[in-house]
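Engineer: The structure follows.
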(Lines of atoms letter the chains of each structure in order from A and count residues from 1; the text may use other names and numbers.)
(Lines give C-alpha, C1' and ligand atoms only; values in the text may rest on other atoms or scores of the structure.)
Protein backbone atom coordinates (compact mmCIF):
# COMPACT_ATOMS: atom_id res chain seq x y z
CA UNK A 1 0.00 0.00 0.00
CA UNK A 2 1.40 3.41 -1.00
CA UNK A 3 2.17 5.85 1.80
CA UNK A 4 0.26 9.15 1.58
CA UNK A 5 2.83 11.94 1.66
CA UNK A 6 2.47 15.28 3.43
CA UNK A 7 1.72 18.06 0.90
CA UNK A 8 4.94 19.82 1.91
CA UNK A 9 7.05 16.82 0.92
CA UNK A 10 9.34 17.66 -1.99
CA UNK A 11 8.25 14.59 -3.99
CA UNK A 12 4.53 15.25 -3.76
CA UNK A 13 2.63 15.97 -6.95
CA UNK A 14 0.03 18.61 -6.14
CA UNK A 15 -2.45 20.97 -7.76
CA UNK A 16 -1.81 24.64 -8.47
CA UNK A 17 -4.04 27.65 -9.12
CA UNK A 18 -2.94 30.86 -10.89
CA UNK A 19 -4.82 34.17 -10.85
CA UNK A 20 -3.55 36.78 -13.32
CA UNK A 21 -4.13 40.53 -13.38
CA UNK A 22 -2.88 42.91 -16.06
CA UNK A 23 -1.68 42.84 -19.64
CA UNK A 24 -0.90 40.15 -22.19
CA UNK A 25 2.72 40.08 -20.99
CA UNK A 26 1.43 39.00 -17.58
CA UNK A 27 -0.79 36.40 -19.22
CA UNK A 28 2.23 34.92 -20.97
CA UNK A 29 4.22 34.97 -17.73
CA UNK A 30 1.42 32.95 -16.12
CA UNK A 31 1.55 30.49 -19.01
CA UNK A 32 5.27 30.07 -18.25
CA UNK A 33 4.60 29.57 -14.53
CA UNK A 34 2.03 26.93 -15.46
CA UNK A 35 4.49 25.30 -17.88
CA UNK A 36 7.22 25.13 -15.24
CA UNK A 37 4.89 23.65 -12.63
CA UNK A 38 3.46 21.06 -15.01
CA UNK A 39 7.04 20.05 -15.87
CA UNK A 40 7.59 19.52 -12.12
CA UNK A 41 4.58 17.20 -12.10
CA UNK A 42 1.87 19.52 -10.80
CA UNK A 43 -1.67 19.61 -12.16
CA UNK A 44 -3.54 22.87 -12.78
CA UNK A 45 -6.89 23.46 -11.08
CA UNK A 46 -9.41 26.24 -11.63
CA UNK A 47 -10.62 25.97 -8.01
CA UNK A 48 -8.62 27.81 -5.36
CA UNK A 49 -9.98 25.54 -2.63
CA UNK A 50 -8.44 22.45 -4.28
CA UNK A 51 -4.97 23.92 -4.73
CA UNK A 52 -1.77 23.00 -2.90
CA UNK A 53 -0.10 26.04 -4.47
CA UNK A 54 -1.83 29.37 -5.18
CA UNK A 55 -0.03 31.99 -7.30
CA UNK A 56 -1.12 35.59 -7.76
CA UNK A 57 0.54 37.21 -10.79
CA UNK A 58 0.03 40.91 -10.14
CA UNK A 59 -0.24 44.19 -12.02
CA UNK A 60 0.47 47.73 -10.82
CA UNK A 61 -0.41 49.89 -13.83
CA UNK A 62 -3.53 51.14 -12.02
CA UNK A 63 -4.52 51.32 -8.37
CA UNK A 64 -7.60 49.17 -8.97
CA UNK A 65 -5.42 46.17 -9.90
CA UNK A 66 -3.49 46.52 -6.63
CA UNK A 67 -6.67 46.77 -4.55
CA UNK A 68 -7.90 43.50 -6.09
CA UNK A 69 -4.68 41.78 -4.99
CA UNK A 70 -5.07 43.05 -1.41
CA UNK A 71 -8.69 41.88 -1.31
CA UNK A 72 -7.90 38.44 -2.69
CA UNK A 73 -4.93 37.94 -0.35
CA UNK A 74 -7.24 38.71 2.56
CA UNK A 75 -9.55 35.92 1.42
CA UNK A 76 -6.63 33.47 1.30
CA UNK A 77 -5.98 33.87 5.04
CA UNK A 78 -8.98 31.64 5.72
CA UNK A 79 -7.78 28.99 3.26
CA UNK A 80 -4.33 29.00 4.85
CA UNK A 81 -5.89 28.53 8.31
CA UNK A 82 -7.82 25.49 7.07
CA UNK A 83 -4.79 24.08 5.25
CA UNK A 84 -1.46 25.14 6.81
CA UNK A 85 0.38 23.19 4.08
CA UNK A 86 -1.05 25.45 1.37
CA UNK A 87 1.74 27.42 -0.35
CA UNK A 88 0.84 30.97 -1.39
CA UNK A 89 3.02 32.87 -3.87
CA UNK A 90 2.79 36.45 -5.13
CA UNK A 91 4.74 37.62 -8.17
CA UNK A 92 4.50 40.13 -11.02
CA UNK A 93 4.89 43.87 -11.51
CA UNK A 94 3.28 44.92 -8.23
CA UNK A 95 5.97 43.04 -6.29
CA UNK A 96 8.75 44.69 -8.30
CA UNK A 97 7.82 48.13 -6.95
CA UNK A 98 10.18 49.52 -4.35
CA UNK A 99 9.19 48.38 -0.86
CA UNK A 100 6.04 46.55 -2.01
CA UNK A 101 7.33 43.02 -1.28
CA UNK A 102 8.10 44.00 2.31
CA UNK A 103 4.67 45.65 2.64
CA UNK A 104 2.92 42.48 1.44
CA UNK A 105 4.95 40.29 3.81
CA UNK A 106 4.09 42.56 6.73
CA UNK A 107 0.36 42.77 5.91
CA UNK A 108 0.02 39.12 4.89
CA UNK A 109 2.69 37.13 6.80
CA UNK A 110 1.13 33.85 5.66
CA UNK A 111 2.41 34.42 2.08
CA UNK A 112 5.22 31.90 1.43
CA UNK A 113 6.86 33.17 -1.77
CA UNK A 114 7.26 36.77 -2.97
CA UNK A 115 9.25 37.38 -6.17
CA UNK A 116 9.35 40.05 -8.88
CA UNK A 117 9.42 40.06 -12.68
CA UNK A 118 13.14 39.41 -13.18
CA UNK A 119 13.48 36.03 -11.43
CA UNK A 120 10.25 34.31 -12.48
CA UNK A 121 12.24 31.52 -14.16
CA UNK A 122 13.50 30.41 -10.73
CA UNK A 123 10.02 29.82 -9.33
CA UNK A 124 10.29 25.98 -9.13
CA UNK A 125 13.50 26.35 -7.10
CA UNK A 126 11.83 28.74 -4.67
CA UNK A 127 8.83 26.42 -4.38
CA UNK A 128 11.04 23.44 -3.61
CA UNK A 129 12.97 25.51 -1.07
CA UNK A 130 9.74 26.34 0.78
CA UNK A 131 8.60 22.71 0.74
CA UNK A 132 11.96 21.25 1.75
CA UNK A 133 12.95 23.71 4.47
CA UNK A 134 9.48 24.78 5.65
CA UNK A 135 10.57 28.37 5.18
CA UNK A 136 9.44 31.43 3.21
CA UNK A 137 11.12 33.15 0.25
CA UNK A 138 11.25 36.88 -0.47
CA UNK A 139 13.53 37.60 -3.43
CA UNK A 140 13.22 40.72 -5.56
CA UNK A 141 15.92 41.02 -8.20
CA UNK A 142 16.56 44.72 -8.84
CA UNK A 143 18.11 44.39 -12.30
CA UNK A 144 17.00 42.33 -15.25
CA UNK A 145 19.14 39.39 -16.39
CA UNK A 146 19.73 38.36 -19.97
CA UNK A 147 16.67 36.83 -21.64
CA UNK A 148 15.94 33.22 -20.65
CA UNK A 149 15.01 31.21 -23.73
CA UNK A 150 13.14 27.90 -24.10
CA UNK A 151 11.16 28.12 -20.88
CA UNK A 152 8.34 25.57 -20.64
CA UNK A 153 5.01 27.18 -21.43
CA UNK A 154 1.46 25.94 -20.94
CA UNK A 155 -0.65 27.92 -23.41
CA UNK A 156 -4.31 28.56 -22.67
CA UNK A 157 -5.30 28.47 -26.34
CA UNK A 158 -4.56 25.71 -28.84
CA UNK A 159 -4.82 27.83 -32.01
CA UNK A 160 -3.65 31.34 -30.99
CA UNK A 161 -0.46 32.13 -29.09
CA UNK A 162 1.44 35.09 -27.67
CA UNK A 163 5.11 35.31 -28.60
CA UNK A 164 7.13 37.91 -26.69
CA UNK A 165 9.68 39.63 -28.94
CA UNK A 166 11.07 42.06 -26.36
CA UNK A 167 10.94 42.91 -22.68
CA UNK A 168 10.98 46.20 -20.79
CA UNK A 169 10.48 49.82 -21.80
CA UNK A 170 12.73 52.88 -22.20
CA UNK A 171 10.03 55.51 -22.67
CA UNK A 172 9.37 56.75 -19.13
CA UNK A 173 5.96 58.31 -19.72
CA UNK A 174 5.36 60.41 -16.60
CA UNK A 175 2.26 58.44 -15.52
CA UNK A 176 3.66 54.94 -16.07
CA UNK A 177 5.31 52.51 -13.67
CA UNK A 178 6.26 49.92 -16.33
CA UNK A 179 9.94 50.91 -16.93
CA UNK A 180 10.55 50.70 -13.19
CA UNK A 181 9.08 47.20 -12.81
CA UNK A 182 9.87 45.59 -16.18
CA UNK A 183 13.34 47.07 -16.70
CA UNK A 184 15.03 48.43 -19.82
CA UNK A 185 14.28 47.23 -23.33
CA UNK A 186 15.78 43.86 -24.26
CA UNK A 187 15.05 42.26 -27.63
CA UNK A 188 15.03 38.56 -28.42
CA UNK A 189 16.98 37.57 -31.51
CA UNK A 190 14.91 37.08 -34.68
CA UNK A 191 16.25 33.51 -34.87
CA UNK A 192 14.83 32.63 -31.44
CA UNK A 193 11.50 34.27 -32.30
CA UNK A 194 11.29 32.38 -35.61
CA UNK A 195 12.17 29.10 -33.89
CA UNK A 196 9.38 29.55 -31.32
CA UNK A 197 6.83 30.37 -34.02
CA UNK A 198 7.86 27.38 -36.16
CA UNK A 199 7.45 25.09 -33.15
CA UNK A 200 3.98 26.53 -32.53
CA UNK A 201 2.99 25.94 -36.15
CA UNK A 202 4.17 22.33 -35.88
CA UNK A 203 1.80 22.00 -32.90
CA UNK A 204 -1.15 23.28 -34.95
CA UNK A 205 -1.24 26.98 -34.05
CA UNK A 206 -2.75 29.28 -36.68
CA UNK A 207 -2.34 32.80 -35.25
CA UNK A 208 0.52 34.54 -33.45
CA UNK A 209 0.48 37.83 -31.54
CA UNK A 210 3.91 39.41 -31.20
CA UNK A 211 4.21 41.06 -27.78
CA UNK A 212 6.28 43.88 -26.39
CA UNK A 213 5.79 46.97 -24.25
CA UNK A 214 6.76 48.94 -27.38
CA UNK A 215 7.20 46.59 -30.34
CA UNK A 216 8.29 49.44 -32.62
CA UNK A 217 11.51 49.73 -30.58
CA UNK A 218 12.36 46.11 -31.33
CA UNK A 219 15.95 45.34 -32.31
CA UNK A 220 17.61 48.61 -31.36
CA UNK A 221 19.69 46.80 -28.75
CA UNK A 222 20.69 43.91 -31.03
CA UNK A 223 24.01 43.57 -32.86
CA UNK A 224 23.56 43.91 -35.75
CA UNK A 225 20.38 46.00 -35.45
CA UNK A 226 17.15 44.47 -36.72
CA UNK A 227 14.15 46.75 -37.19
CA UNK A 228 10.58 45.80 -36.32
CA UNK A 229 9.63 46.12 -40.01
CA UNK A 230 12.36 43.61 -40.89
CA UNK A 231 11.15 41.22 -38.20
CA UNK A 232 7.57 41.45 -39.51
CA UNK A 233 8.76 40.50 -43.00
CA UNK A 234 10.72 37.54 -41.63
CA UNK A 235 7.77 36.31 -39.60
CA UNK A 236 5.46 36.76 -42.60
CA UNK A 237 7.67 34.37 -44.57
CA UNK A 238 7.31 31.53 -42.07
CA UNK A 239 5.60 28.63 -43.84
CA UNK A 240 2.34 27.42 -42.34
CA UNK A 241 1.63 30.56 -40.33
CA UNK A 242 -1.81 31.98 -41.15
CA UNK A 243 -2.20 35.21 -39.16
CA UNK A 244 0.06 37.67 -37.32
CA UNK A 245 -0.92 40.43 -34.92
CA UNK A 246 1.22 42.59 -32.65
CA UNK A 247 0.96 44.92 -29.70
CA UNK A 248 1.68 47.46 -28.38
CA UNK A 249 2.86 50.24 -30.73
CA UNK A 250 4.17 53.59 -29.56
CA UNK A 251 3.14 56.33 -32.03
CA UNK A 252 6.55 58.03 -31.89
CA UNK A 253 8.22 54.86 -33.22
CA UNK A 254 5.65 53.71 -35.78
CA UNK A 255 7.71 54.36 -38.90
CA UNK A 256 6.65 54.38 -42.54
CA UNK A 257 8.59 51.10 -42.94
CA UNK A 258 6.37 49.38 -40.38
CA UNK A 259 3.16 50.71 -41.95
CA UNK A 260 4.36 49.56 -45.39
CA UNK A 261 5.26 46.13 -44.01
CA UNK A 262 1.76 45.70 -42.55
CA UNK A 263 0.24 46.73 -45.90
CA UNK A 264 2.42 44.36 -47.95
CA UNK A 265 2.68 41.29 -45.69
CA UNK A 266 -0.35 39.09 -46.39
CA UNK A 267 -0.33 37.33 -43.01
CA UNK A 268 -0.33 40.55 -41.00
CA UNK A 269 -3.84 41.39 -39.83
CA UNK A 270 -5.34 44.78 -40.61
CA UNK A 271 -5.52 45.74 -36.96
CA UNK A 272 -3.31 48.24 -35.12
CA UNK A 273 -3.46 49.20 -31.46
CA UNK A 274 -2.05 52.73 -31.28
CA UNK A 275 -2.38 54.30 -27.80
CA UNK A 276 -2.93 58.06 -28.02
CA UNK A 277 -3.54 58.67 -24.27
CA UNK A 278 -4.74 62.26 -24.93
CA UNK A 279 -5.79 64.45 -27.84
CA UNK A 280 -4.16 67.53 -26.32
CA UNK A 281 -0.59 68.39 -27.34
CA UNK A 282 -0.16 70.18 -24.01
CA UNK A 283 -1.09 67.08 -22.03
CA UNK A 284 0.95 64.79 -24.30
CA UNK A 285 3.99 66.94 -23.53
CA UNK A 286 3.34 66.62 -19.78
CA UNK A 287 2.98 62.87 -20.28
CA UNK A 288 6.41 62.76 -21.99
CA UNK A 289 4.93 60.95 -25.00
CA UNK A 290 7.36 62.49 -27.56
CA UNK A 291 4.65 63.29 -30.12
CA UNK A 292 1.92 65.88 -30.40
CA UNK A 293 -1.64 65.77 -31.74
CA UNK A 294 -0.54 66.71 -35.27
CA UNK A 295 2.16 64.02 -35.42
CA UNK A 296 -0.28 61.36 -34.17
CA UNK A 297 -2.93 62.30 -36.73
CA UNK A 298 -0.26 62.26 -39.43
CA UNK A 299 0.63 58.66 -38.51
CA UNK A 300 -3.07 57.69 -38.55
CA UNK A 301 -3.48 59.32 -41.98
CA UNK A 302 -0.57 57.28 -43.38
CA UNK A 303 -2.00 54.08 -41.91
CA UNK A 304 -5.45 54.67 -43.42
CA UNK A 305 -3.97 55.55 -46.80
CA UNK A 306 -1.92 52.34 -47.07
CA UNK A 307 -4.33 50.03 -45.19
CA UNK A 308 -7.85 51.30 -46.06
CA UNK A 309 -9.73 48.55 -44.18
CA UNK A 310 -7.64 48.86 -41.00
CA UNK A 311 -9.24 48.59 -37.56
CA UNK A 312 -7.64 51.04 -35.15
CA UNK A 313 -7.86 50.79 -31.37
CA UNK A 314 -6.32 52.96 -28.69
CA UNK A 315 -5.80 53.70 -24.99
CA UNK A 316 -6.98 56.98 -23.47
CA UNK A 317 -6.33 58.38 -20.00
CA UNK A 318 -8.97 60.75 -18.61
CA UNK A 319 -8.13 63.26 -15.90
CA UNK A 320 -4.35 63.42 -16.21
CA UNK A 321 -2.96 66.17 -13.91
CA UNK A 322 -3.57 69.59 -15.42
CA UNK A 323 -6.17 68.38 -17.94
CA UNK A 324 -8.55 71.29 -18.58
CA UNK A 325 -11.97 71.16 -20.22
CA UNK A 326 -10.28 72.42 -23.40
CA UNK A 327 -7.73 69.57 -23.26
CA UNK A 328 -10.51 67.04 -22.78
CA UNK A 329 -12.51 68.51 -25.68
CA UNK A 330 -9.41 68.02 -27.85
CA UNK A 331 -9.39 64.35 -26.87
CA UNK A 332 -13.06 64.03 -27.82
CA UNK A 333 -12.49 65.73 -31.18
CA UNK A 334 -9.49 63.48 -31.94
CA UNK A 335 -11.57 60.37 -31.16
CA UNK A 336 -14.25 61.61 -33.56
CA UNK A 337 -11.68 62.39 -36.25
CA UNK A 338 -9.82 59.06 -36.05
CA UNK A 339 -12.98 56.95 -35.56
CA UNK A 340 -11.49 54.12 -33.53
CA UNK A 341 -13.04 50.68 -33.78
CA UNK A 342 -12.52 50.39 -30.04
CA UNK A 343 -10.83 52.28 -27.23
CA UNK A 344 -9.66 51.27 -23.77
CA UNK A 345 -10.50 54.23 -21.55
CA UNK A 346 -9.03 54.75 -18.09
CA UNK A 347 -9.31 57.23 -15.26
CA UNK A 348 -5.87 58.60 -14.39
CA UNK A 349 -4.50 56.67 -11.41
CA UNK A 350 -1.65 58.07 -9.30
CA UNK A 351 1.29 55.66 -9.40
CA UNK A 352 3.75 56.19 -6.57
CA UNK A 353 7.29 56.67 -7.87
CA UNK A 354 6.26 58.24 -11.20
CA UNK A 355 6.80 61.95 -11.97
CA UNK A 356 3.07 62.58 -12.52
CA UNK A 357 2.32 61.49 -8.95
CA UNK A 358 4.08 64.66 -7.78
CA UNK A 359 2.23 67.00 -10.15
CA UNK A 360 0.21 69.48 -8.09
CA UNK A 361 -2.68 70.12 -10.49
CA UNK A 362 -4.55 66.82 -9.91
CA UNK A 363 -8.04 66.72 -11.43
CA UNK A 364 -10.94 66.26 -8.94
CA UNK A 365 -12.46 62.76 -8.97
CA UNK A 366 -15.97 63.95 -9.83
CA UNK A 367 -14.63 65.85 -12.86
CA UNK A 368 -12.68 62.78 -13.99
CA UNK A 369 -15.77 60.57 -13.79
CA UNK A 370 -17.99 63.00 -15.71
CA UNK A 371 -15.39 63.32 -18.48
CA UNK A 372 -14.91 59.55 -18.53
CA UNK A 373 -18.64 58.97 -19.07
CA UNK A 374 -18.73 61.54 -21.87
CA UNK A 375 -15.77 59.89 -23.58
CA UNK A 376 -17.20 56.37 -23.30
CA UNK A 377 -20.46 57.56 -24.87
CA UNK A 378 -18.59 58.95 -27.91
CA UNK A 379 -16.33 55.87 -28.19
CA UNK A 380 -19.28 53.45 -28.06
CA UNK A 381 -21.25 55.44 -30.63
CA UNK A 382 -18.33 55.27 -33.09
CA UNK A 383 -17.69 51.56 -32.36
CA UNK A 384 -21.33 50.77 -33.14
CA UNK A 385 -21.09 52.75 -36.38
CA UNK A 386 -17.89 50.92 -37.41
CA UNK A 387 -19.49 47.56 -36.64
CA UNK A 388 -22.61 48.50 -38.63
CA UNK A 389 -20.42 48.79 -41.74
CA UNK A 390 -19.77 45.02 -41.56
CA UNK A 391 -23.43 44.09 -42.08
CA UNK A 392 -23.88 42.12 -45.29
CA UNK A 393 -20.15 41.50 -45.69
CA UNK A 394 -18.48 38.10 -45.82
CA UNK A 395 -15.55 37.84 -43.40
CA UNK A 396 -12.87 35.24 -42.81
CA UNK A 397 -13.13 34.06 -39.19
CA UNK A 398 -10.81 31.84 -37.17
CA UNK A 399 -13.24 29.69 -35.16
CA UNK A 400 -12.09 29.65 -31.53
CA UNK A 401 -14.90 27.68 -29.89
CA UNK A 402 -18.49 27.92 -28.75
CA UNK A 403 -19.96 31.32 -27.93
CA UNK A 404 -19.81 32.35 -24.27
CA UNK A 405 -23.40 33.61 -24.38
CA UNK A 406 -24.98 30.88 -26.53
CA UNK A 407 -23.59 27.34 -26.63
CA UNK A 408 -25.51 26.71 -29.86
CA UNK A 409 -23.34 29.29 -31.62
CA UNK A 410 -19.66 29.44 -32.48
CA UNK A 411 -17.34 32.38 -31.93
CA UNK A 412 -14.18 33.68 -33.55
CA UNK A 413 -12.49 36.81 -34.82
CA UNK A 414 -12.08 38.50 -38.17
CA UNK A 415 -8.68 39.65 -39.43
CA UNK A 416 -9.55 43.09 -38.04
CA UNK A 417 -10.11 41.59 -34.60
CA UNK A 418 -13.91 41.81 -34.56
CA UNK A 419 -15.64 39.24 -32.35
CA UNK A 420 -18.22 37.27 -34.33
CA UNK A 421 -20.88 34.94 -32.88
CA UNK A 422 -22.42 32.78 -35.57
CA UNK A 423 -24.35 29.66 -36.43
CA UNK A 424 -22.01 27.04 -37.85
CA UNK A 425 -20.59 23.52 -37.74
CA UNK A 426 -18.72 22.65 -34.51
CA UNK A 427 -16.27 20.67 -36.62
CA UNK A 428 -15.05 24.07 -37.82
CA UNK A 429 -13.46 24.88 -34.44
CA UNK A 430 -9.78 25.59 -35.04
CA UNK A 431 -10.36 26.29 -38.73
CA UNK A 432 -10.93 29.35 -40.90
CA UNK A 433 -14.45 29.78 -42.26
CA UNK A 434 -16.32 32.44 -44.21
CA UNK A 435 -19.10 34.06 -42.23
CA UNK A 436 -21.79 36.39 -43.55
CA UNK A 437 -22.39 39.20 -41.06
CA UNK A 438 -26.12 39.61 -40.58
CA UNK A 439 -26.22 41.94 -37.56
CA UNK A 440 -23.92 44.43 -35.87
CA UNK A 441 -24.03 44.79 -32.09
CA UNK A 442 -22.32 47.36 -29.89
CA UNK A 443 -19.24 45.23 -29.21
CA UNK A 444 -19.59 42.22 -31.51
CA UNK A 445 -21.03 40.93 -34.78
CA UNK A 446 -23.59 38.20 -35.44
CA UNK A 447 -23.40 36.04 -38.55
CA UNK A 448 -23.84 32.68 -40.22
CA UNK A 449 -21.29 30.35 -41.77
CA UNK A 450 -21.51 30.08 -45.55
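All positions are counted from 1 along the displayed chain.
Using N, Cα and C of the backbone, Cβ positions are placed for all residues, glycine too.
Pasting the relevant annotations from Swiss-Prot:
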| type | residues | note |
| --- | --- | --- |
| DOMAIN | 14-132 | domain 'MTTase N-terminal' |
| BINDING | 23, 59, 93 | [4Fe-4S] cluster 1 binding site |
| DOMAIN | 155-385 | domain 'Radical SAM core' |
| BINDING | 169, 173, 176 | [4Fe-4S] cluster 2 binding site |
| DOMAIN | 388-450 | domain 'TRAM' |
Engineer: Sorted by position, what residues of the same chain at least six away from residue 176 ([4Fe-4S] cluster 2 binding site) have a C-beta under 8 A from it?
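Structural biologist: In sequence order, 61, 169, 351, 354 meet the Cβ cut-off.
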Engineer: Using a 10 Å cut-off, grab the number of neighbouring Cβ atoms around the Cβ of residue 169 ([4Fe-4S] cluster 2 binding site), all chains included.
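Structural biologist: Taking every protein chain into account, the count is 22.
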Engineer: What is the set of residues, excluding 169, 173, 176, whose C-beta falls within 8 angstroms of the centroid of the C-beta atoms at the [4Fe-4S] cluster 2 site?
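Structural biologist: Result: 171, 172, 175, 177, 178, 179, 213.
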Engineer: Could you state the whole-number distance in Å separating the C-alpha atoms of residue 173 ([4Fe-4S] cluster 2 binding site) and residue 93 ([4Fe-4S] cluster 1 binding site)?
Structural biologist: 17
Engineer: Neighbours of the [4Fe-4S] cluster 1 site 23, 59, 93: Cβ within 8 Å of the Cβ centroid, same chain, sequence order.
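Structural biologist: What remains near the Cβ centre is 21, 22, 25, 26, 58, 60, 61, 65, 92, 94, 178, 181.
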Engineer: Kindly report the helix/strand/coil residue split of the domain 'TRAM' (388-450) according to DSSP, in that order.
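Structural biologist: Breakdown, helix to coil: 4 helix, 32 strand, 27 coil.
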Engineer: Treating G and I as helix alongside H, and B as strand alongside E, what does DSSP give for the domain 'MTTase N-terminal' (14-132) in helix, strand and coil?
Structural biologist: 65 helix, 23 strand, 31 coil
Engineer: Within a 10 Å radius around the Cβ, which one of these binding-site residues has the most neighbouring Cβ atoms: 23, 59, 93, 173?
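Structural biologist: Per the Cβ count, the most surrounded site is 93.
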